[in-house]
Amino acid sequence: MSLHSTHNRNNSGDILDIPSSQNSSSLNALTHSSRLKLHLKSDMSECENDDPLLRSAGKVRDINRTYVISASRKTADMPLTPNPVGRLALQRRTTRNKESSLLVSELEDTTEKTAETRLTLQRRAKTDSAEKWKTAEIDSVKMTLNVGGETENNGVSKESRTNVRIVNNAKNSFVASSVPLDEDPQVIEMMADKKYKETFSAPSRANENVALKYSSNRPPIASLSQTEVVRSGHLTTKPTQSKLDIKVLGTGNLYHRSIGKEIAKTSNKFGSLEKRTPTKCTTEHKLTTKCSLPQLKSPAPSILKNRMSNLQVKQRPKSSFLANKQERSAENTILPEEETVVQNTSAGKDPLKVENSQVTVAVRVRPFTKREKIEKASQVVFMSGKEITVEHPDTKQVYNFIYDVSFWSFDECHPHYASQTTVYEKLAAPLLERAFEGFNTCLFAYGQTGSGKSYTMMGFSEEPGIIPRFCEDLFSQVARKQTQEVSYHIEMSFFEVYNEKIHDLLVCKDENGQRKQPLRVREHPVYGPYVEALSMNIVSSYADIQSWLELGNKQRATAATGMNDKSSRSHSVFTLVMTQTKTEFVEGEEHDHRITSRINLIDLAGSERCSTAHTNGDRLKEGVSINKSLLTLGKVISALSEQANQRSVFIPYRESVLTWLLKESLGGNSKTAMIATISPAASNIEETLSTLRYANQARLIVNIAKVNEDMNAKLIRELKAEIAKLKAAQRNSRNIDPERYRLCRQEITSLRMKLHQQERDMAEMQRVWKEKFEQAEKRKLQETKELQKAGIMFQMDNHLPNLVNLNEDPQLSEMLLYMIKEGTTTVGKYKPNSSHDIQLSGVLIADDHCTIKNFGGTVSIIPVGEAKTYVNGKHILEITVLRHGDRVILGGDHYFRFNHPVEVQKGKRPSGRDTPISEGPKDFEFAKNELLMAQRSQLEAEIKEAQLKAKEEMMQGIQIAKEMAQQELSSQKAAYESKIKALEAELREESQRKKMQEINNQKANHKIEELEKAKQHLEQEIYVNKKRLEMETLATKQALEDHSIRHARILEALETEKQKIAKEVQILQQNRNNRDKTFTVQTTWSSMKLSMMIQEANAISSKLKTYYVFGRHDISDKSSSDTSIRVRNLKLGISTFWSLEKFESKLAAMKELYESNGSNRGEDAFCDPEDEWEPDITDAPVSSLSRRRSRSLMKNRRISGCLHDIQVHPIKNLHSSHSSGLMDKSSTIYSNSAESFLPGICKELIGSSLDFFGQSYDEERTIADSLINSFLKIYNGLFAISKAHEEQDEESQDNLFSSDRAIQSLTIQTACAFEQLVVLMKHWLSDLLPCTNIARLEDELRQEVKKLGGYLQLFLQGCCLDISSMIKEAQKNAIQIVQQAVKYVGQLAVLKGSKLHFLENGNNKAASVQEEFMDAVCDGVGLGMKILLDSGLEKAKELQHELFRQCTKNEVTKEMKTNAMGLIRSLENIFAESKIKSFRRQVQEENFEYQDFKRMVNRAPEFLKLKHCLEKAIEIIISALKGCHSDINLLQTCVESIRNLASDFYSDFSVPSTSVGSYESRVTHIVHQELESLAKSLLFCFESEESPDLLKPWETYNQNTKEEHQQSKSSGIDGSKNKGVPKRVYELHGSSPAVSSEECTPSRIQWV
């Protein structure tokens, strides 16, 4: 079991390890000594491996301890039985440090020759309590404590064992036996102090291990006088078998025999405390106690209690220095101590301060509500101690649950009744103590709606909850603890999570005066998830927090005034950030360091009340959608509980905003507690059981909490440790090492420099703190003034009338108060520059809604225009006098109650217009029911009107279908008649030809004989043709008769349907006029709500100037009625239907869009790609319908439903040649000529894929190329399909996709290209570097692709329905999105350094590719290059600023800093010049071709590499300036890369040799030479700083260069030929972007 695994839970222990007065320990000396040894060894494990000079010091430190149990004899000499008097011989080492230890000061007369001093521990039994003890069965505690680096000369065997006897002195506790203080000064009394306890807590569940707890209310043991504890580094006992067996006797006998087994598995993963498992550790576990032991609390910020369970020591390899030292020393010689000071100063506090802690779970049972008492609800929840019992009323099954703490708030008369104070003291107060120690803490409340969560967390004014008590206690403790050495700074934030969106409750509008937009969650690589742009306000007193809390709660009420926005559906998160600044003195200097604690107090949303509405699943669906956070929270808790059982599972933190933000609180760095509130009533049994199971799983979560210290604390500890080393080395002059002494002094200097830098930063932060505090105060005043207009009053006048808000959530009712001043008070919509006295938000609130007049104590309300204003449920249209208690509803969703204090004082009774029911409470339910009753007739009229309109639309559809059928049959009849006429004309021609033949026969009698055979043949042919024509004529007439019969049937069926619907319409009209009771419509609150929602949707659509109209669509029959929402697009002439659930979700999106004043994603709120659109038949005359329009209307569901059983066969071409008969043609008249092209298309796609697979490596493209190719396929496919649709014949009966193989192929290719686009984009974007610009472009590209998919769906749906307007609109939007998306791809390709082969041979491609598409790609490349160069310039400025802040120690570092600054400026000039060149090429040159963009893309990786190398080189330089060791080879590599890349850029800047070009070329050459010189000088300075031997040559060089510089002033030349880097001076006339020296004049620039 490792430190981060589960601690033992104790059902009877106090929360968060509150100490028990019955517990004590007898393992302090044993476990502390072993722990101290592990700690000291782990502290130096890394530095000894890295620095061989410190290994000699490491051997002294590992062996050095103040006391060791007598090691003067070898193990073989030790007796096999313990000393009868119970003595343990301890040895105390000599020391030269007289200031570090009290024992050393008492024994100054001890000489250095004394190698050993006896020290004994004696155990005596108390005579007065002997009867209470049973026979002590002593099982020895055998454990292996192998000390690394020890040999036989230490007198300690590697298999040494310890024998510890533990007895019980009280019930259910372990008490160390008392030891009297002997007269011998070498004897130490081991007293059982209640403030120092160590206990084994009884496991509360099966399969849980026993953990050792360490508790202290005083400083840790290591910081006490050494006369109280044994600080032993070596333990010598008899060689027994390695077994840990602790047996405790007492009233509740508790046998722990599996401790060793569990501890042996432990591996401490913190602070390099990795330990090996002993070779043999056989134990067993027995639990016979009935009473559980209370857990202890350790307020000290350490992990001692976690380390107590780790009794194995990792053996350190022997060092050769230590071995040689031991060979030369005598057998019993022990090395002197050097680090007692270090132990006294730092051993008392564990610098790691990491603790494993499980989530503490508490359950609170609330009392019955008034409603439950009236209904006489039965109690099903009972409590006995910490056990909660639930009895199911139906199944009679009994459920038992045990938690850390159980609060019984059901009955105030109960002896264990838990009040608000009890809940805070037991659950929240320990969290506050842990927060002062530097841990993050979290407390969240969970339970169903109405179970008491908000009461527990916030409470009321007379009974405050956890949050107000926590804040008040926080500042009271801060006032007590704040001193000159310790100061406190506290910040707070308050936000809510509603519908997966975060709203800041402390800010009501943004900087532009608009409503604050939802915030986003980001994740920091170190500090974890955080809310971006969340306001953090500094608070200095509890009054500040009270005012901010009140403001936040009232803002929450303001946001929840809408009918659909329920506050019970949102989670509120209250966060405090406490920073403790502590001052310490090191060598007389004052240093500060900080400890930060983050406190989260969370009120989760209520769980779904689905069990009370089994018949309706809409409520449950809404809850699943809105409360996604609760569902994900359950998943996270379940996964974490499985992880606690050593299972590797995925934790879905990021599926919800709430769990993402609580990542550290659940399984991370936090001390977390949870309180689950439940109802005792039988009606809530299912929610109660669900909550208890939820809480039971949360108990298994293990957090790894650590103290949040800054770097100063670590630096101060290291500085003190180094100072202590030097003092010890000075006292021990015989073992002094000059090299080591010099290194220690150098390290102290480095640490002091770091510390001073940190202090400068902290001073700057202190100044920022003050500025933030002043800004917070100003912002609070501004928010108060703004919120007064929104009903948030902090000061109330008891004489003025007022309006108080009513809300469905009782927690938010009566939170807003609007004062009615003397005179006129105007009410209107909330706007940035609005002058209204009362400003309300909402779609149905008009700009000027109403006016309230208060004259002489009489208050009246006057509506303005058509604004919806209701008084006591009645819609008013004129001035109305308000009386005390009246209900005022504005806009349909703002509910208020009117209060008139003057009328109440005068004793006036409410007006007679109040109904008898109005004597009850005037709450939201009362006002809602009153409005519903008053508006019942209006709602009934709306519903009947909607049903009547639906019937009329159906009749209109049938009439259209009838007329369309009539047109189709008329066209068929005309076709048959024309065919008959053609056949008759052919028959007449044949008869005339026969007559002509007879005349010819008479004239040619002389040829009769010759033509006799021909005559017979012709007569036979004429007879056959005549018969054939007669048969065809007969068949045509028969077909005409059949169609006439079918036509008559169609007309008869349509007429019957028309008469049926006409009768229903007549009945509806009669019921509407006569108000017949036989036709009633049940009016419910949902109908009223739906009417308001439709009005809101139409108002939003009208104000945003969209073309969507929403209406109610009711279809009723004898059995049931179906209500849906019809959505019409007036621009495209199409309509669709939404379900009520979908309409509610879309309306929420519309509201959000309306509040944000519209955005580029506005279309998504009004339409959905999944919608099934159809042609709108409303107001569509039949005479205007073309063949294509008729074909699209036939696909309308309302029209096609009428003709479902009647099929009209199409008329085929009956033309036949003379050579073919009727039987040959009849087989093809009704055959389906369309064939399936799908297999062939798929075959071609597979072939093209194989061709791509077979391409050579030279033809490979990047992912960016593939993305652009996919966009190009979609781009061309849209144009081709749209063109084919336009060219289709208007009178064609075929669908666009039915017979055109090319269109089918294009459609499939477009769909495949989009799929490939999505897959490639996910891979490509996941590989991008983390950057603000890249992240923004990545989000925008994702959004564009999502919108493209939606418009492609609409485009194909329009093609299937033959709706031209829909096709054109979708194509236009999709083309715009494609062009914008390829711009983003071009920018990202440049920023990522990816090549674009697509631009190769761009001029040739432009002929076949759309020119707009190529221009979009090139525009993206140009923008990407601009962003890249700007980021390079910004990075150069950042590096200059960072380098400028560094201090220099000598001339070498000063020169190194100067050269580095010059190098940065040179590269900054490269970026600036490249930016100018790129812009000049794009703007000034007309022949800027695609090849230029290709070169631009190829340059991008070089700029990225140059930026990276510069950043890395400056980091190395800064590290060297700070005194840290750096890698010279890495710096050389970076500088060499910079020189090569700069050389390429300078060659690119060169121009042809002209008069101007030659001058620019010379300037470029000089600048290049300067960069080369700076690079070489920088490397030389760095080598000089890293190598101390080069200091003297550098000084010589520096002196020579100064002399040469003086000579160069007089002679004008530089004759330096000495060591070092030569200094070249170039003089140029004119201006140039170079760095000038001090001797430069305005007309001349000197280059060095």
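Numbering starts at 1 and runs along the chain as it is shown here.
Cβ coordinates come from backbone N, Cα and C, glycine included.
Scan Swiss-Prot for phosphoserine across Ser204, Ser346, Ser1200, Ser1219 and the hit is Ser346.
When you go through Ser12, Ser21, Ser570 in Swiss-Prot, the residue listed as phosphoserine is Ser12.
Swiss-Prot marks one residue of Thr915, Thr1641 with the annotation phosphothreonine, and that residue is Thr915. Swiss-Prot assigns the feature coiled coil to one of the listed ranges (890-906, 1145-1161, 1332-1348, 1400-1416), namely 1332-1348.
When Ser242, Ser272, Ser567 are compared with the annotations in Swiss-Prot, the one labelled phosphoserine turns out to be Ser272. The coiled coil annotation in Swiss-Prot falls on one of the ranges 808-840, 1105-1137, 1468-1500, namely 1468-1500. The phosphoserine entry in Swiss-Prot, when matched to the candidates Ser611, Ser1186, Ser1292, corresponds to Ser1292. Around the Cβ of Thr449 (ATP binding site), the number of neighbouring Cβ atoms within 10 Å comes to 17. Residues of the same chain lying 6 or more positions beyond the ends of the coiled coil (1332-1348) and with a Cβ under 8 Å from any Cβ of it are 1161, 1164, 1274, 1314, 1317-1318, 1321, 1325, 1373-1374, 1377-1378, 1380-1381, 1384-1385, 1387-1388, 1391-1392, 1427, 1431. Computed over the coiled coil (1468-1500), the whole-number mean pLDDT of the model equals 68. Helix, strand and coil counts from DSSP across the domain 'FHA' (825-891) read 0 helix, 34 strand, 33 coil. In the structure as shown, the Cβ atom of Gly452 (ATP binding site) sits within 10 Å of 21 other Cβ atoms. Counting Cβ atoms from all protein chains shown, Lys453 (ATP binding site) has 28 others lying within 10 Å of its own Cβ. Take the CB of Gly447 (ATP binding site) and look out to 10 A: across all protein chains shown you find 28 other CB atoms.
Under the DSSP three-state reduction, Gly447 (ATP binding site) is assigned to strand.
Just so you know, the Cβ of Ser451 (ATP binding site) picks up 25 other Cβ atoms within 10 Å once every protein chain is counted.
The number of other CB atoms found within 10 A of the CB of Gly450 (ATP binding site), across every protein chain shown, is 21. Counting every protein chain shown, the Cβ of Gln448 (ATP binding site) has 23 other Cβ atoms within 10 Å.
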